[in-house]
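Here's the structure we're looking at; comments come further down.
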């Protein structure tokens, strides 16, 4: 079983990328569980046909400790198992704790079955606080992919996430598997992301082009592969799935200093000299 965490700044398209990637892996015959670790609880919406899944934390709040697995785990597209850890009530408590509670509960209830090929954790990545780092800190996820684009804030976040990975890689076995570019059609985007990934000692594992097909599929509450398996964008996600499945380059990243990051941004025209 490969346990994979997908990180990236809010709004970058982590959840969309994760759900489309897992659909691609399902097309390869893989058995998958997706654990949403974002308080927004939208990590499994497309796999479940738009159903807002009841989160682990909401279920615990309403039903107490005596929870059955089928009340928090739902099967979605292609039998992909879906869980949302959810978040605390606004203004109360720590969302990161919710992730810890959820993963512990899934373990107790026997969700990590032997037939699983992959478990994906879709994690909010703007804040690399202790709770959100939990899937890597506790050694749950062994490999991490960071979703980024050619925008400055996406790269700042990716660099910060790399610092978190570096910190926990020494104690646990977690490694960076690569950067996934979710294109924003920025000038020199491919070249910038490729240089950024290499600077970290990693790779740009796939460049996902921007496509109106993604929005169309989302409006229909489906992944692109379910909505139109023959379109070019579906093939992009299948290619991403193949690359992740075949990936063997797992590194402890070498995060950049602020100065070095800004140099790279200047080099590719994102920052003015």
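Heads up, the Cβ atoms here are built off N, Cα and C, so glycines get one too.
Among the features that Swiss-Prot reports, ATP binding site is placed at 8, 9, 10, 11, 12, 13, 14, 15, with the record citing sequence analysis.
Under the heading [4Fe-4S] cluster binding site, Swiss-Prot lists 94, 129, citing similarity to another entry as support. Under the DSSP three-state reduction, residue 94 ([4Fe-4S] cluster binding site) is assigned to coil, being neither helix nor strand.
Among the features that Swiss-Prot reports, ADP-ribosylarginine is placed at 97, with the record citing similarity to another entry.
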Sparsest-packed among the binding-site residues, when each Cβ's other Cβ atoms within 10 Å are tallied, from 12, 94: 94
Surrounding CB atoms that lie within 10 Å of the CB of residue 97 (ADP-ribosylarginine), all protein chains: 16
Neighbour tally for residue 15 (ATP binding site), based on other Cβ positions within 10 Å of its Cβ: 24
C-alpha spacing of residue 94 ([4Fe-4S] cluster binding site) relative to residue 13 (ATP binding site), in angstrom: 23
C-beta crowding around residue 8 (ATP binding site), within 10 angstroms: 28
